[in-house]
Structures are given as structure tokens and as C-alpha cells.
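Below is one structure, written out as C-alpha cells, with a few remarks after it.
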């Protein structure tokens, strides 16, 4: 027995421990009872609170596991799936039950039985789909109930009837459907005054987000379209399967009505179960009383199953569907090749796609405006394209994408806007602003959108009068659009015909409102309406003309029609054509209505008293009447006819259009020329409403160059069609210019060619600077280009491209001519104002030569930039004016692109001309432009008598004539100025008269043509005379070119003569007073190595003369005396060579006889004779020049002026002159004879002789250093030895036989430095600068000759 008790205890104790284990795992807390605390505070009983959160319970623990006094039970955050009947029996003291955040899907009735004291119940955040009506039965003390965030969409009526103490209710759900099934709940809440916290409707969308307490019962209906809170189909994406596979489908939807059914469809056909095909369908069943589901299984899928499979939920309130596209692939699948599609929605590159698949691509431009394009999600904003089963691309859809062009997108947005009385005027103005870009329309939808908007705006035209004007302006803008775009819009949606019909309705509305007349106009469309009484009608004549309309402000239009030219009607109440007293008008068309127009209606009194509404509508061209189909009138054989006149529409409301007793005569102006003219009228009903041209009942009465008169027996749309050339444009009738223009222009071209060819062919021999040569050739070339383009291309208006090219070239050549004239004037001004050059410092390199390209950048670059910008802005600025008789720029662009720049350039040119005149008046001595001398020429010049700059020759009454060889330009500055100014003036006048000759009507054009011819002849003669005939070198070249014998003779003569030799061989020079003198040629001149005269002209090889020969030639190198007696010194031999120092006494020097520019105008009283040598020779290095000049300066202190080193005697004894002259003459003749005998056999003996040169102190005669003589080292106080005195005496005996000689040396042959640069010699006297004798630095007194 004891053993049995032990075993029983061993069995019972574990059971008690396990049964209490659940409760012991929960946390228990003591909680003071509120009722006990009030009744007996001292002896209060303790209540228990049990917390079983996060315990992973899958069901509610047994109530026995909880303490008896449990008043609060927390079972949140577990995995409880359902609440069974009697789950909380025994917890009669429980006041709070929290079961939130579990996965409860079902609650059985009686689950809360026994909880009589329960006051708060929280069932939120579960999966409760529905609640039974008796689920809360017995909870009489429940105060707060929370059912939020569950899956139920509705609550059964009477579910809260047993909750008599309920005060707070929460049942917010993302699936809550506020329909007729919740009407009872709204009424119950208001009756019981239940507090509902944050409970809002989720469906339908019309009530979404509204609080349940704010709804009225009548707003909760079941009439709205069916909206299911939950509707899912699996799979939801498109499927690609292979033949023979199995594919299951499942469909689930919220259960909202008892009669709900789930059905399956394929491509719109209901699918039934078919075991033979492997199709199985499970019956509908309700899950958790909130969802209805169905399953479809295809066990053996076949290619025929490809298509859209649809799950359809059918209820009495409506249907709802979900669709999946299925593609069944066979074993040999095909593919669509990659493709690129470009349209108004962008460019799309479709990839290689499997046959039967629909490919999707995102839109190129994302949606920027809400509510404009269908579909707001990114998935909907896609373009798709289907690849059919044959591997070919099939239908596509881009409608959900935005247009790429801004204009098209804005027009689409405007078209989608709803119009009303408040915004119609503003919308019409916006549309007018955007149609100003009509010339740039490239998409047919642009025109379609505008046509649709015009129709919408026309509905409000009766209310607002200004809308009619706006509609006319909008339609006028569309006439500037491309004809191809209008044709496509007409074919797509009858856009053009709809606009014309809308404009016709405007006129009728105006006259219907009681107005007797109405008119409006625009650049391309004119509208006129009249109320006509049949009894008083005597005929009418209406004329269409274009004129500036000051009444209305017209927006600027882009395109070929100028906004100033407005089309307008002028009507007279008579049938005859009256003279129009209208200024600055161009007649485009005229219409004559006969007096018998209303006779066909009979003579009844009612008909005679009737008032008819007549409206006239005129279009500048036929773009709004594009034929979309072929007709006999448009294509007759190989001919293709097009509208070549304005289109005029005439219509009388309520009046028959055909079979008039008297015809209507219409005169139309042709803007295009063609052949085979046909009168026609537009029939809106042809081609299935597309419209077309017909010619029945119309004939041509008269036709001339510009106008065609048509007679028709009907009231309709009138026009003339003609056969054009294959390019679709007019057959050009060439209208030549006046013969005077052609003949005189030809003469001008020949003159310009002669000047250009002469200067190019004789470029190296003509005496003109390089700059002037380039400027003259370019000036003549651009004048030639202007003349040629004007004569040959100004009237080439038949082709727009050719005409534009002519306008651009004429624009460029005109500006370039003016700029080259300015460049030439600037060059003359710089030469006139240029200062004399000084010796550069030794450390300063010579400036580099400036490129000639700078002139081309100005003369040609600026016009190219101006023309390029003008053409890039709008190429139609050139040669695109309608009916323009010549190829030139439009008026407004030409103001800023041509007339303004041309006027400014000419103004700058005139300022340069005036500045040159002022400078020449201030400095009359500046006449010529001289050559720049090289370094050797500057150091060896022997003929400079006064200051001579490299640029100017200062002219004075005593100046010597300038040799031609010293001139850089044969023309004087005044002559150059006259040439460029005269050319520019004649060119400008020629341009003006040419423009007037082609722009004016007869007979003014004849007058200006004659003036053009006279100026062309004058300009050609002026250019030839000034630049060719008036130049010695060019005359010589022309004379040589004319006669071959004479040319050969001239070459021989030129080779025998020295540059400035006279006819007898004497060399010409000038005195100080300007008297010409001669000096006979000495023996020294003819003893130059026994060479002939032609050899002396070679500029690169001179005669080798010894020092004695140079002395013998001194008779020819004596400089002339100045007018005031000041001596002019000779410094022809002033260079001292360091490398030839030993041989300097007898070294031969190579001299070349050539003229040198001299000017003997020294002022009296000057202490020194100054000279300004030019820039050093550019090919010498800086170091070479520096070392050379340094040695020269050093030896200038030490080198004596005689062989023995003795001091030369300064005073000149007059009684020794004759003896010295005789001795020196005999000596020179002997040495010349001896040199001729020995020059070819051996080297001159003087090359081997040398004499030691004693140095003298550097501070010797420091105060008498030689000054700045123009002869490079010549001093006023130069010393003369005996031989120098002889030469001076000899010069006296030959006062009129002076020769200007310049010695040029080879690189290793230098002259003798005979002047002391540091001052006069010891014990010498100063030379009187006012003496009248000619002082020269003499040669060596003694010459050693072997």
C-alpha cells in the first residue's frame, strides 16, 4: 500500500508541474482590485495580471493554467490562428483581453463565453476575414472593442446588438468597403452615440479616406462600379511556355456579394472544363468568408492557347477582370529582327524579339504634367510593339508617351483643355502665339491639333467678336506651314477642310446677328460678309488686294509673307470694275457678281424682299486645299497640275450654287508660271469627304502675263491650276535685264580683268609695294565679283537655292569691296603718318615682319562672318520673298545685316580719306613711299644730302628729283588717295543705280539702267587709267606686250643704260637750285674689269676697283652743293672691316653704280649734317652687327687718314687746286689702264699689300668727335690731306658734272674708313660749315701698287 501511494505521488506531481508550466512561463503581476480598494482599503484583495506576449502560442492556453483572480490577460504577438468555442471559460473575473498582432483568421461563436466581466477586447492586427453575428454574444459589460487592421471588408448587421455597454469602437481596415452593406452601421453608431476612432473608408475611390462618422446613410450605395478591395491572379505577368507544358492559374477576389462568380475567358471566349484538351477548373469556394477563389489548370498546353487569359469576377453590381498574356512556343521559334522606329514620340530601338511576344520600351520623354496623358504609373508610360507568330513586327502603340517637340506637346496640352466662357479668349490667344511657329511645323498632328482647337473656339465666336479675328489669324499662320505637312493632316483627319468650314461659319454668325457687313483680314486670309436684299441688288464687284492694315495689330510671322502686307477686300455695289484709288496696293483677285444673280429665284414678292447672306473668303495660296487623291483635272497623262493663284470662295446662304443665269467672272493673279492652265473649283464632298478640284462649268476668258480671268456658272471656290515642272515649282520665264546693263557691265568686267591680269603677270616688276598690290588686286576682284553676280544672278528667282546663293554672294562681295577700300585707306594713312626710323639698339632684335593675312581677315573675314550669321539665323532671309523680281535680302534682315554695316564701313572709309587729306596738307613735303634700304645700303650710301626717311621723301623747292629705282610705289600719296576714293565713290553709285534699275517700274528702270551703264563705263575707265595708263612701268609693260620687236629693243636699251643715265651716257644729277647738270663718264667708270655696260646693271655683281681707281672716279661722286652753300659730304666709304684690317690699304672693293636717293636741303647754320639710316639688314645676326660696330668704334680713334699716319691738312689752299686736279687725273687714268691689263691675269697687287696702322690715343681730340653725318661716319670737321685737296680742286673745276653713286660691297669686301669718328686730327683746323666748297673725305695719299 505504501508503495502504491509512492507511485501515485510520483505520477501526480509531474502532472501538476506540467499543467502549471504554461502559466509559470507567463509573467504574473499583482493588481489591486478597484472595487475592493473602495470597500475595504485596509483589507484589500489582490487581483492578478498575466502577460503571455511573444510566447509563440499557436492556440489559447487552457483557462485552468491562469490564476483564479486574473483580471487582465495579454496574449499579443503570438501565433494564435483561431479562437474556439469556450476558449476562456472559467475566467469570469477577466476585465481586459488583448489578443492583437496574431494570425487569427476565424473566431467561432461562443469563443468569448463566460467573460461576463470583460470590459476591453483588442483583436486588432489579425487576419480576420469575417465575423459571425453571434461572435460577441454574452459580452454585456464590454466598453471598448478594437477590430482594426483586419481583412474584413464589411460587418454583418446585428453583430454588435449584444454589446449593450459598448462606448468605443475601432474597425479601420485597408479593405473596408463603404457600400450599402454598411448603412445599418452608420445609423447604429449615431443612434447609440458610439465613439469611433480613426475609422476611414478604403473603397470605393469616391469615398476613400473619409471618416465613417461623417458619412450619411444615403451616400452608401451599391450602384457605383464594382471595386474589389482584393483581386489577385497568379501568375500576374505575361508567360512564355513551350508546347506540352502544364500551366496552372489561380484567381482570388474579395467576397462582397452572395452572387459572386469567378469565370475564365480566353481572348473574350469563356473557357469550359475539357479533359480532352487538358483544361480543368475548380469550383468557386469561399475562404474565411472574405475571399472567393478559383483555379484553372492547363495540363497539355498547345500553340492555339496563345492569347490573353482572363479571370472575370461577375456580380450583380458589375464585373472585374484580371488578364495575363500567354505565348506558346513551338520547337522552331521565330524572331522579329531588331528595328529602329523614329516618330514624333522619339526614337525607339526595338530589340530582337521572340515571335508572338509583345515588346515594351519606356517612353523617351517622361510625363511632366499630371492628368494630360493616360496612365499615371511608370508601368503605364510605356510604348509597346507586338511581334506576330510569323516573326514580323505588327501593331504598336506610342499613345502613352509624350511628344518630343515642345510645340507639339504644348499644342496637345492646349487641345486637351476644356474650354468655357472664362478661358476661351485666353486660350485662343495662346494658340495664336504658338502657331507663329507654323513654318517650322514638321508633324501632321500639329495641324490636326490646331484644326480641332479652331472648331472648339468657333463655338464661342457668337459670344465674343474678337474670336473670329483670332481664328482668321491662326488659319493665316498655317498657310505658312509646309505643304507636305498640310497634305498629311488633310488625309489623316480632314484638318484643312475643317478649318475652312469653321471660317465660313464665322461670317454667317456675324451677319446673322443683325450686322449688315463684317470683314476681317490677315497676311494670308481675308474674310468679308454682307447682307444683301434681292430687290435692290444691281451687281457687285469685290477686289482682293494686299495693303498695310492700321486697324489691327498683327503678330510677326516667320516665313515668306511679310506681316505688313495684309489681304483685304474692297467691294462696290455695282457690277462694273471701278478704279481703285488705293495707294501702295497690289491687286490679287477680283470678283464680279452679275445683276441677274437672283433672277433665277423667280419674281415672287417674298423672294424679292428676302435678305441673303453673302460671304467671301480668300486665301493667298491653295495650301488649305490639298488634293489627297488622283483626278482627271490634277493628273492628265504625264501632267501634274497645282494651284498657281489665290483661292476665292463665294457663297450665299440659302442660294443654289449651280446653274446661274449669268456667269460669275473672277480675275486671279498668278504667283507661279506654268503651262496648260485649267480653271477649277473645290468640291468638299469628293474623295469621301477629303475634297478635290473640278472644272465643270468654268472656262478661261482672258489670260496675260500675270492675270487669268475665269467665268463660272456657279458660286464656289475659284482657282487656276497649271502644269508645273517636275520639281513641283514654277516653269521659270527668264526676264533679262536691260541691254545697256549687260553691255556696260561687260566693258567693266574686261577693264577689271585687264587690271587684275596686268598686276598679277607683272607682279615682280611693277613698282608697287606688296601691301598695295594685295589690296588693289582684291579690290578689283571683289568689284568684278559684284558686277558678275549682279548681271548673271540677280534675276535667277526660279530656284530658291540658286536665288539664296546669289543673294549671299552679292551681300559678301559688297561688304568686302567696302572693307578692302577701308584697308587701302588705312594703309595710306599709316604711310603718310609714319615717323622716320632710327638705328635700333644692339640688344634689340628687329621686329618680325607682320603677315599679310591680317588684311584678308579684315577684308574677307568680316563679310564672311556677317553673311554666315545672317544665313545661319534664317536662310530664308536671302531670296525667299514671294513674287520678288530679284534675288536679294528681305527688308528687315537687310537693315541690320547689310545697310547698317555698309553705312558704318563707308563712314570709316571717309574718315580715313579726310585724315589723309589733313596730313598731306600739314606735310606737303611727304609725297612718295620709298623703299627700305638694307644695312649695307644704309652704311654705303653716298648720295644722301639731307634727311631721307625710308618712307617719306620730303619735298621742297630745292629738292632733287627722286630716281624711280628708289620708290616703293610710283604713285604719290595724293594719287593713291584719289584712286581708292574714286573707286569707292563710283562703286557705291553703281550699286545704288543697279538696285534701282531692277526694283523700279517702267520707265524709271530705263533711266536708272542708263545711269548704271554710264557709271560702269566710268568706273572701268577710271581703274584702267589710274592703275595702268597713268603708270610708267605699266605703260612700258603694255608697250612691250603689244610689239615683240619693240619689246626686244627695249630690253637691250635698258641693259645698256644706267638707272639714271641720260641719252649720251652722262649721269644726271641736280643742283641745289634744281638745275640739272651732267658729269662725263671718267675712265674709272669704263675700267671695271673691262666689262660691258650691260654687266653693270647686275645688282648682285659689282666692279672690283682698287683704291686708286676709286680716287679716279671721284669726279663722278662729288655731291652737289646746297642752295645756301653748305657742303654736302660724301661718305661712300665708311665701313672698316676687322678681318681685313691688314689689307685695308690696298684691298679691292666691289662697287656698283646705281642711283641713290638724295635730298640737298640742309638748313643754314646747322653744325652737323645729319642722316637717318634705315633699319639694319634683317639677315644679319645681332651678335655680328654688335661686334662689327664695336670694332669700328674702337678703330675710329686710331686709324689715321694717310698711309704714314700723318695728320691731314684741313685748310684748303686754293692755289693748289689746279695742280692737284691735273696730277690726280693723270694718275687715275694710268691706274685704270693698268688695272684693265692685269685684272684677268692675276689678283690685284693691292690685295697683298698691308701697312701697319699706328694707334693714337682714344682721348685725342675728344672734344671734336664727328657727329651724326648722313654718310655713316662723316664729320663736319673732317680733315683733308693732299690728295683730298686735289679731289676738292677737281670738283671745283667740274661743278656741273656730279654723279650720285652708291657703293655696295660683298660680304668680305669693305670700303675704307677714311673719317675720324672721334674728332679732328691733331693741329688741324675746324672746317667752316658755311663755306661754299664741297668737302669730301679723301682717299689714301699714297698707293702702293705692284
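Each Cβ is built from the backbone N, Cα and C atoms, and glycine gets one as well.
Between the listed ranges 805-825, 826-846, 931-951, Swiss-Prot ties the annotation transmembrane segment to 805-825. Swiss-Prot assigns residue 773 and residue 889 to topological domains with different names, so the membrane separates them in that record.
Residue ranges 18-45, 46-73 are listed, and Swiss-Prot annotates 18-45 among them as region 'Disordered'. Using a cut-off of 8 Å between Cβ atoms, the transmembrane segment (1006-1026) and the transmembrane segment (740-760) share at least three residue pairs, counting only pairs 6 or more apart in sequence. Long-range neighbours of the transmembrane segment (898-918) within the same chain, counting only residues 6 or more positions beyond its ends whose Cβ lies under 8 Å from a Cβ of the stretch, are 811, 814-815, 818-819, 821-822, 825-826, 828-829, 832, 866, 889, 973, 977, 980-981, 984, 988. Mean pLDDT for the domain 'Ig-like' (229-327) in this predicted model: 85. Under DSSP, the residues of the repeat 'LRR 4' (139-162) split into helix, strand and coil as follows: 0 helix, 3 strand, 21 coil. Residue counts of the topological domain 'Cytoplasmic' (761-773) by helix, strand and coil are 5 helix, 0 strand, 8 coil (DSSP-based).
For the topological domain 'Cytoplasmic' (761-773), the residues of the chain that approach it from at least six positions outside its boundaries are 824, 827, 852, 855, 929, 964, 967-970, 976, 1031-1034, 1037, judged by C-beta separation under 8 angstroms.
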